[in-house]
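This report refers to the structure that appears directly beneath it.
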Amino acid sequence: MSAPSATPIFAPGENCSPAWGAAPAAYDAADTHLRILGKPVMERWETPYMHALAAAASSKGGRVLEVGFGMAIAASKVQEAPIDEHWIIECNDGVFQRLRDWAPRQTHKVIPLKGLWEDVAPTLPDGHFDGILYDTYPLSEETWHTHQFNFIKNHAFRLLKPGGVLTYCNLTSWGELMKSKYSDITIMFEETQVPALLEAGFRRENIRTEVMALVPPADCRYYAFPQMITPLVTKG
C-alpha cells in the first residue's frame with residue numbers, strides 16, 4: 001500500500017469547484033484536521049505558520065481582509081492584534097457557519113462575506129484594506145499552483161491602501177514544488193511567485209520573505225518540507 005504522501009492531491013482534470021460550496025466540512029473530533037470532498041484542507045500542525053501569516057496581515061492594524069477561514073487558526077491570531085475590522089471571505093457552507101458562530105465572540109468587529117472570492121472580491125472597494133491574508137484551497141487541478149495569482153493580479157494590489165501588506169500561501173502547491181522541483185524554499189518563492197507579484201504592480205524592493213523551521217507530521221499529504229515561507233509584500 002502506498003504512503004499517504006504518494007497519492008496525488010488532484011487527479012488530472014479534476015475540478016471540485018461546482019460541489020465545493022455545499023460539500024460537508026469534515027472537522028475531525030479533535031479539531032485537528034479539516035477535510036472537504038476528501039481533500040486535506042487544513043491541519044492544526046500549521047498553527048505557528050498561520051500565526052506568522054496573521055501577524056503579517058495585521059501588522060498595520062486598521063482593516064484586515066482574510067480570504068479563507070478554515071479552522072480559524074489565523075483568524076484567531078488576527079483578532080489578538082490592534083485592528084479595527086476583520087473582513088473574512090468563505091465559500092463553503094459548513095465552514096461559513098463556523099465563522100458565523102465564531103464572529104460574535106471576537107474582540108474586534110468581524111464582517112463575514114459568503115461566497116467564492118471570485119464573486120466577492122470584485123464587490124470590495126479599492127484602497128480599503130491595511131492588510132490581506134489569502135489562504136484558500138485550490139479547487140481544481142488546473143489552478144492547483146496558480147489560483148493565488150488570479151487573486152493577487154486582479155484584486156490584492158487594488159484592495160490595499162498604500163503601505164498596506166499582502167501575505168498569502170498555497171501550501172498544497174508549495175509542498176508539491178518542494179517535493180518535486182526545489183530544495184531551497186527561498187529560491188522556490190523567487191522563481192515561482194515573485195514574477196506574478198511584480199506583474200500585479202508590487203515593486204521588487206517591497207517583496208520580502210521570512211522562513212521558519214516547522215516539521216510537518218509524517219502522514220501529512222500536502223507538505224513534507226521542514227520549512228515554511230511567509231511573504232511580506234507591501235504596496236508602495
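Quick reminder: no glycine exception, Cβ is built from N, Cα and C everywhere.
Listed in Swiss-Prot:
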type	residues	note
MOD_RES	S2	N-acetylserine
DOMAIN	13-236	domain 'RMT2'
BINDING	W20, M50, F69, G70, M71, A72, I73, A74, E90, C91, N92, W117, E118, D135	S-adenosyl-L-methionine binding site
BINDING	M42, E46, D135, L171, T172	guanidinoacetate binding site
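Overlay of Swiss-Prot feature records on the structure.
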residue	record	contacts (Cβ under 8 Å, 6+ apart)
W20	S-adenosyl-L-methionine binding site	I36, L37, C91, N92, L139
M42	guanidinoacetate binding site	H33, L34, G70, M71, I73
E46	guanidinoacetate binding site	I73, L171, L214
F69	S-adenosyl-L-methionine binding site	A75, I88, E90, V95, F96, R98, L99
D135	guanidinoacetate binding site	M50, L53, E66, V67, G68, G70, A74, Y168, C169
T172	guanidinoacetate binding site	I9, Y137, P138, W144, Y222, Y223
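Around E118 (S-adenosyl-L-methionine binding site), the same-chain residues at least 6 positions away in sequence with a Cβ under 8 Å from its Cβ are N150. The average pLDDT computed over the domain 'RMT2' (13-236) stands at 97. Take the CB of M71 (S-adenosyl-L-methionine binding site) and look out to 10 A: across all protein chains shown you find 22 other CB atoms. Residue environment of I73 (S-adenosyl-L-methionine binding site) contains 21 other Cβ atoms, counted within 10 Å of its Cβ in all protein chains.
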